[in-house]
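Student: Sharing a structure here in structure tokens format.
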Amino acid sequence: MKISRQAYADMFGPTVGDKVRLADTELWIEVEKDFTTYGEEVKFGGGKVIRDGMGQGQLLAAEVVDTLITNALIIDHWGIVKADVGIKNGRIAAIGKAGNPDIQPDVTIAVGAATEVIAGEGMILTAGGVDTHIHFICPQQIEEALMSGVTTMIGGGTGPATGTNATTVTPGPWHMARMLQASDSFPMNIGFTGKGNVSLPGPLIEQVKAGAIGLKLHEDWGTTPAAIDNCLSVADEYDVQVAIHTDTLNESGFVETTLAAFKNRTIHTYHTEGAGGGHAPDIIKACGSPNVLPSSTNPTRPFTRNTIDEHLDMLMVCHHLDPSIAEDVAFAESRIRRETIAAEDILHDLGAFSMLSSDSQAMGRVGEVIMRTWQTADKMKKQRGPLPQDGPGNDNFRAKRYIAKYTINPAITHGISHEVGSIEVGKWADLVLWRPAFFGVKPTLILKGGAIAASLMGDANASIPTPQPVHYRPMFASFGSSLHATSLTFISQAAFDAGVPESLGLKKQIGVVKGCRTVQKKDLIHNDYLPDIEVDPQTYQVKADGVLLWCEPADVLPMAQRYFLF
């Protein structure tokens, strides 16, 4: 029996050779592989396959998956494939072909009476986003991020304190304990960074032992060469990451001074272009160092006609500056440069900038990491054309490069890629399901640890789930002890060994960071280009390996107003 390709796609979703448009962008992906056996596809519903004795077998709960996502189109750094995805005990158990092994061939995921089904036909499945630049200013950020498809948040803060409004720092053991206890209340994987700005090791060590998964160096606390060297030394000893916001004013040295202070040790440079902060005008040079793991924050993503004007006001508020003081205004203006922001677009497209994050409420929007990543990809395709690695008529490599920026690469950087960051067997089942027309903008379903934590949902008093008003609502994995079973709190190995979870009475699952200090840029997937960067100190023009980097600002973006009328 044969059916048309269109009929097949309508019934089971696209298969090999079919192309899917991502939202209203000009990005097209093509299915590279389909794990199904044609004619043996499983689908749930009245008169469908997953019924007793048909696609559902007689095996006990221990032998079948807890949850099955059927016929989903996976976009991940490793491929763009169609598959069934099985989840067991909160982790991804299998990616392959589901069904009843008693009567169906090639089954790699057994379905039984203990199996729940989520229909993935015609849907896109991605790993939950990993945002590694969080100012924990208000707890409401967490729900906002979750509803956008982010499932892991790393950063620092204590609430709307002036220090937190400017820096991603949870300072000292007392604040660290309070924030770890607070994190038990949220369906989100969370890790906190301590204050790295001190020139002796003791105050840093006590923060790591209290639970910090990393240390943050920020110019507002004094990012001197001595503080940098001390912080990296402690990080090397305790296997935690260091994130840095460098010295915009060049008071304690220039970009060359800071790079020398790194002494070839691994470090995550925040907003490496510089609008978010850093040596003016040439912190962007850092992305050419093999030990530097560079990221952007989302307000400069992508470069548009409004980017410059918006940034000046943002900066004055976030860094406690006074518009009546000439030096404060000069400080702000030194950070906002059209030329370096334009270059940032291109450096992302070349894979020289490896990650993208939010800078939540502190010159960044916590719910727009994913959207702005794909807006940047779309702008670059329109302005630069297909990448050399892309296949004919598709943007598969570009899609893999850009999705890696907010999933696997930040997870690798912060030592949590053994738990999250990709759709791979054994990892925590933090998964996001999207309708292609809403991809990157509004997810349909967000799973945490294999359970549904958030979803689009209609009127709770309606006779079916879909009547308006349809909006995002927390689901059962966001409540009670289910929340604790399906989300992770990340801490250092030193804190784990010291019994911090027990002493603080933490209830969520505990993840331990590891491998932070051996990561090099070459380890960041699809984003490991090491250009030789030059910045003209007068014109701010940027060159990479001798090539001028300039692109025009966008007047119109996809994934924007047409999606937010309601």
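From the backbone N, Cα and C atoms, a Cβ is placed for every residue, glycine too.
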Student: Among HIS245, HIS311, which residue does Swiss-Prot name as a further Ni(2+) 2 binder in the site formed by LYS216, HIS271?
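Tutor: Of the residues offered, the record points to HIS245.
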Student: From ASP10, ASP345, ASP349, ASP359, grab the residue that Swiss-Prot records in the same Ni(2+) 1 site as HIS133, HIS135, LYS216.
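Tutor: Looking through ASP10, ASP345, ASP349, ASP359, the residue Swiss-Prot assigns to the Ni(2+) 1 site is ASP359.
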Student: Cβ within 8 angstroms of the Cβ centroid of HIS133, HIS135, LYS216, ASP359: which residues besides those meet this for the Ni(2+) 1 site?
Tutor: ILE134, GLY155, GLY156, THR167, THR168, ALA243, HIS245, TYR270, THR297, SER357, SER358, SER360, ALA362, GLY364
Student: For the recorded Ni(2+) 2 site formed by LYS216, HIS245, HIS271, which further same-chain residues have Cβ atoms within 8 Å of the site's Cβ center?
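Tutor: Here the non-site neighbours turn out to be HIS133, THR167, THR168, LEU217, HIS218, ALA243, ILE244, THR246, THR269, TYR270, GLY276, GLY277, GLY278.
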Student: Let me check the 10 A CB neighbour count of HIS271 (Ni(2+) 2 binding site). How many other CB atoms are there?
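Tutor: Result for HIS271 (Ni(2+) 2 binding site): 27 neighbouring Cβ atoms inside 10 Å.
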Student: Which has the fewest other CB atoms in a 10 Å radius around its CB: HIS133, LYS216, HIS218, HIS319, the listed recorded positions?
Tutor: HIS319
Student: Around HIS135 (Ni(2+) 1 binding site), how many other CB atoms lie within 10 A of its CB?
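Tutor: Neighbour count, Cβ to Cβ under the 10 Å cut-off: 26.
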Student: Report the same-chain neighbours of HIS245 (Ni(2+) 2 binding site): residues 6+ apart in sequence with Cβ closer than 8 Å to its Cβ, ordered by sequence.
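Tutor: Result: THR167, LYS216, LEU217, HIS218, GLU219, ASP220, THR223, TYR270, HIS271, GLY276, GLY277, GLY278.
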Student: Using a Cβ cut-off under 8 Å and a sequence separation of 6 or more, which residues in the same chain sit near ASP359 (Ni(2+) 1 binding site)?
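Tutor: Same-chain residues close to ASP359 (Ni(2+) 1 binding site) (Cβ under 8 Å, separated by 6 or more) are HIS133, HIS135, TYR270, HIS271, GLY276, THR297, ASN298, PRO299.
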Student: Give, as a single whole number between 0 and 100, the mean pLDDT over the domain 'Urease' (128-566).
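Tutor: Result for the domain 'Urease' (128-566): average pLDDT 97.
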